[in-house]
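**Q** Have a look at this one.
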Amino acid sequence: MLLAAVCVQVLRGRALGPAWVLVPALGLACAGAKASALPPLIAGLGLATLAAWIRRRRVPWRVFAVLASLVAAMVVGYRLFAGGGAGTLRAQPLGLIRHLVPYQQTYGADDGAQFGGLLPPGLAEADGTAGWLLAAALFGSWLLRQTPRLAGGPLLATPARRDPVAWLFTGAVAAGLAVAWLTYHPSASQIYFWLPVIPFGALLACWLLARIRVRWPVLVTAGLLGLLAQLLAPPLGSPPALTQAERAVESVRVANANDWMTTLGWSAARYAALIVLAALLAVAVEALLLTWPRAAVTARRAALVRRLGRPARTTLLGRSALAGTVTALLGASIATGVEIPVRHLLARADPLAAINQQLVVSETEMRAALWLREHTDPDERVATNVHCRPVRTTPHCDARAYWVTGLGGRRALVESWAYADDVVAAHGRDGYGYPRQPAPDPALFALNERVFTDPTPTDLARLRDTHGVRWLLADTNAGPVSTDLARLAPVRYTAGPVTIHELP
C-alpha cells in the first residue's frame, strides 16, 4: 500500500523529491516478498499512465519513470528471488477451478498432477456441455463472492474517470482477477495475483460511495441489511464428499456434479435476493427522506439538489439503489470477516484440534533445533535425516519439512527439496507433483542418509572435509538411526527422538 500511495502522488502531479528513492526500493521489496505482488500494480499503473497521457495530451514523464523503475525492480527481483514454485505457473484459462472441490470431485477427479493443455484436463475431455456449465457456475459463484471487491467498477462511469488514480486501482484489480483465472499453479499460487489487489477493490467501492453522495440513512440501513443477512441466513449444505472409489464411477460423478449445480444455484439466488432487497430498501429510504415534512430535512434536500445539479428524482433514486447495493455487499463482507473468529471464540474449541497431528513439529524437536541456533556458529552446516512431512522419510513423501533450518538458523546439507528448480521442473513426472518428486541429487542424498543409517568414519570425514558439515541432527521419527553414530560422533544434545552429534 505504501508503494501504491507513492504511485498516487506521482499520478496526481506531485513531486516526490527525495522520496524518489522509495520507488525502486519498495518495488524490489515487494518483488522479494512475493513475486506476484508487482505485476497487477504495474498493469494498473500502465493503464493509468495511458489515461493520464490521453487526458493531459502530453507525455507524463514522471509516471513513465515510476513505471520503468517498477518494471526493472520486477525483473531484478525475479532474477534474485523467484524460483522454485514460481516456475510451475502456466497459462491455462479457468485453471483456478482445479482447486475447487466441486470440480475436483467430478470432472477433475482424474486430473492428478498433470498440467494439461490450454484448458483443465477434465474440462477439455468432458463430453457435452455439462462440464462447461459447472465451470461457468463455479466462475460465476466466485465472482459473486468477490462482488464487495468488484463493486467499485462503476466508478469509471462517474466524473472520477478523469482522475488517473481511478484507472490505477481499476487496472490493478482487473489484472489480478484476469491472471488468477487465466493461469494454473499446482499449489493454487495464482490466487496471490488477486489477493494483493483486494484493498484496491475496497478503496474503489468506498470511492464510488463518496461520489454518489447519498444520505447516511440510506447507507446505514443497506449496510445493516447486508450484515444481518450474512449473520442470520442459514448456511447452505454441500453435497457429500465422494470417496476415491466413488470418484472412479462416472455416473456417481455426474450425479454429484448435478447436486453441486443445485447448491451453486441456490447460493446465487441468495446473492441476487440480497442485491434486489438492498436496492429496494435504499430506494424506499431515499423516497421517504424526499417526502419527509420537516423543514430541516427540506433544507438539506434543497442543498443536496443544488450540489447534484438538480438531478431528476429517478436519477437520485437510481443512485440510492446503487449505493445501497454496494453498501449491503460491503456489510455482508464485513460480517463474514467478523463471524468466523467470533464463532470460534464462542465455541471455545481448541484451535489446534483441527490440525493434522502428523504434521505437527513436537516440542522436543523444536527445542533441539533451537539448541542448534544457540550453541553453534552461524556459518556452520548441519546434516539431518529430516526431509518430509509427516516427518517419516518414504519414497515420494512431501519434501517440505523446513523446520530444522527454519528454527535452527543453520544451513543444511540436504533438508527439504520441494522448491528446488530441478524438482519443480519435474512436476508431473511419474504422476507426482513437485513436492513429492525425489531428491534432485541422488548421490548426495544417499550419502546423507547413509551417515544416519550405516555410518562409517570415511563417510563422516567426507561430510566434514568435502561438504563442510560440522553437526548432525538425527530424528528417529524421520527414519532409523544407527547406534554406531553415537560412537563415531559425540552426542552434544538429546531431546526425545532427536539427538545432535558433533563431527570430530
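Placed from the backbone N, Cα and C atoms, the Cβ positions cover glycine too.
What TrEMBL says about a protein is an automatic prediction, not a curated fact.
Here TrEMBL flags 25-54, 61-81, 128-144, 165-185, 191-209, 216-233, 271-292, 316-338 as transmembrane segment.
Help me understand the surroundings of these features in the structure.
**A** Below 8 angstroms of C-beta separation, residues 2-4, 6-7, 11, 60, 63-64, 66-67, 69-74, 76-78, 80-82, 86, 161, 164-165, 167-176, 179, 189-190, 192-193, 196-197, 200 of the same chain, each at least six residues beyond the ends of the transmembrane segment (25-54), sit close to that stretch.
Long-range contacts of the transmembrane segment (61-81) within its own chain (CB-CB distance under 8 A, at least 6 residues past either end) are made by residues 3, 6-7, 10-11, 13, 16, 23-24, 27-28, 30-32, 35, 38-39, 41-42, 45-46, 48-49, 52, 164.
Residues of the same chain lying 6 or more positions beyond the ends of the transmembrane segment (165-185) and with a Cβ under 8 Å from any Cβ of it are 4, 7-8, 11-12, 36, 39-41, 43-48, 50-51, 85, 88-96, 98, 115-116, 120, 139, 146, 149-150, 152-153, 155-156, 191, 193-197, 200-201, 203-204, 207.
Nonlocal intrachain contacts for the transmembrane segment (271-292), taken as residues 6+ away from its ends with a CB within less than 8 angstroms of a stretch CB, comprise 144, 147, 214-215, 217-218, 221-222, 225-226, 229, 298, 301, 313, 316-317, 320-325, 327-329, 332.
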**Q** Against which stretches of its own chain does the transmembrane segment (128-144) lie, if we need a Cβ under 8 Å and a gap of at least six residues from its ends?
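**A** Same-chain contacts beyond the ends: 94, 96-97, 100, 102-103, 106-107, 120, 122, 150, 181, 254, 257, 260-261, 264-265, 267-268, 271.
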